[in-house]
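Feature list (source: TrEMBL):
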- C524: active site, nucleophile (ACT_SITE)
- S399, A400, A401, P402, G403, G404, K405, D423, D450, D467: S-adenosyl-L-methionine binding site (BINDING)
- 16-57: compositional bias 'Basic and acidic residues' (COMPBIAS)
- 113-135: compositional bias 'Acidic residues' (COMPBIAS)
- 154-182: compositional bias 'Acidic residues' (COMPBIAS)
- 307-595: domain 'SAM-dependent MTase RsmB/NOP-type' (DOMAIN)
- 1-183: region 'Disordered' (REGION)
Amino acid sequence: MGRRAKNKQDVPLPIELDKTHEGKVTKALHDKLKHEAIRSRKQKENAQRQKNSRTDKAANSNKEQGKRKNIAPVEDNSIVEKKSKKTKVVEVESDQMVLDAPDDGWDNAPLESDSENDDDDDDSIDEFDSAEEELPSNISDVSDAPTRNALDLLSDDSDDEDGIEGGIESYDEFDTDEDADEGVTFRDMEKRSKMLDSMREEDEEMAELERLEAGGAAEGERELFALPTLEQVEAEKEAPLDLQQVQLRIQETIRVLNNFAELRSPQSSRNDYMDQLKRDLCHYYGYNEFLMDKLLQLFTVGEAVEFFEANEVARPVTIRTNTLKTRRRDLAQALINRSVNLDPIGKWTKVGLTIFDSPVPVGATPEYMAGHYMIQAASSFLPVIALAPQENEKVLDMSAAPGGKTTYCSALMKNTGLVVANDANKDRERALVANIHRLGITNALVCNYDGREFPKVMGGFDRVLLDAPCSGTGVISKDASVKINKSQDDFSMLTNLQKELILSAIDSVNADSATGGYIVYSTCSVTVEEDEAVVDYALRKRPNIKLVSTGLDFGRPGFTGFRGRTFHSSLSLTRRFYPHTHNMDGFFVAKFKKMSNKIQTGENEFTVPTGSGVKLKQKKKKRGN
């Protein structure tokens, strides 16, 4: 193994071009100054250590020479050669030492003793070239005084040089990390550890200084950012900028808005910056201005960008194990045998699997055809988990197609009781019926009614699940058309429909149920108009219900107030899910408990919805009278 001289310096830094930065310090200049300071300090320490070592060596040499009567005092003609890993010092008399050194220096120079009879001691200095080679076994028995004197000098440098089996090792502070890792012993471990700690502290201090100064320099450079003029805005409409330029301007605008007091332009207001940010975001991500405005009201500008970025990436493919036919462990093993790369979705579900990669279509495996699993978004698990249907109950799924939530309810009920699967779209019910048959569901009844006709059609359910039609702002990654095809009219129509459906769902539940009396309302939307506003409306229109915990231990709490509007305080029990925080489709879940079948309309006036069992009993009682 090659060695490097102890006084060999590090590779010099590249010469920087002459740059004048008033008040600014570049990273390269910092690195150079740091390197020079550390090198200068270490050179001084090394020089002082070498000076002390030479003094000790001279004193020991004179002491040894005084004991040797038959040898004249040795003049100062020692040969000292130092390498980064091994140090060799040999001091002999000129008339007793033959030093036939080749042109390449110390490495191949032979060491000869003045002993006439000791022919076995002619060993090459190369024995020190590797830390893995061992010293000759008879080196301690050599009676040659000069040789013993040289070994004594080596041992006297124990403060700086450690002897190891196979050679003498010296630690050089200028060694690279790779060299320092070779031949570490217990004797120098503490010294090296302290040195590394010191260097790490220096690096951290220098890095912090660089970060602060670089940040200050960057702020100084960015303070010149100004909004485009009206003429430039009009020109960009005809010749749009490159997307990379738009992205940089979005970042600059967000930076100014986050520190508006210090970075704002005196000629521009906050509304000016927000208007420009909306235009850039619409151009970059492809949203219309109406939807962009709604989403920016919902999130901070930084989180809004994260939401937009998450919508550009498809959500992971997830499947739900059909526990009526198999177990998740067995299903996972069967798919792994088909080279499918998968993992459990999370601790919150015991039946979900995430598919990362599959050499075969997930919807065409024998396990899929046999009904062992259902391809279902992870967010669609949530309302069924919140509903928690029990065995032998009567459950209504008001918007059932394509059947993921309906079949999940049947699996939790173990094919007992009754699940009424209703959907207003007759075409979608084909997929619903196909999935019910494929998964082996035997307790489901499929019907095609407008959900607002319940409970007139059928009532008295123990639990009702309403996954209401919505704008789809939580599933933009699946349907990018949502970015441009939504308007205020669409939201007005949808919110009115959702309010009517939730009242029908509440009226369809029997509050006197021994095990139930629960309603779950969910949407795949993230807008407040379709979520908290609808729930608050139901609480005001039906005082016989209350919000309860969804049983979901993750997700963000719902809003209790939004842009000047105040909602019921219990809305904090609802849960929101976002693609950029939970890596699933945007979703909203609320769970109600119906306390009574009677609805108080006045001080002493109560009404019972049509279709309720309570009302039928009241009619029979009146007829009997």
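Cβ coordinates are placed from backbone N, Cα and C, and glycine is handled just like the others.
A401 (S-adenosyl-L-methionine binding site) sits 14 Å from the residue listed as 'active site, nucleophile', taking the Cα positions as reference.
Around the Cβ of A401 (S-adenosyl-L-methionine binding site), the number of neighbouring Cβ atoms within 10 Å comes to 25. Ranking the binding-site residues S399, G403, D450 by Cα distance from the residue listed as 'active site, nucleophile' puts S399 first. Here S399 (S-adenosyl-L-methionine binding site) comes close to N422, D423, A424, G451, L466, D467, A468, P469: these same-chain residues lie at least six apart in sequence, with C-beta atoms under 8 angstroms from its C-beta. Neighbour count (other Cβ atoms within 10 Å of the Cβ, all protein chains): 26 for K405 (S-adenosyl-L-methionine binding site).
Mean model confidence of the domain 'SAM-dependent MTase RsmB/NOP-type' (307-595) amounts to 94 (pLDDT, 0 to 100 scale). Those residues noted as binding S-adenosyl-L-methionine (S399, A400, A401, P402, G403, G404, K405, D423, D450, D467) have their most widely separated CA atoms at a distance of 20 Å. Counted within 10 Å of its Cβ, the other Cβ atoms near G403 (S-adenosyl-L-methionine binding site) come to 28, all protein chains included. The Cβ of D450 (S-adenosyl-L-methionine binding site) lies under 8 Å from the Cβ of A424, each of these being in the same chain and 6 or more residues away along the sequence.
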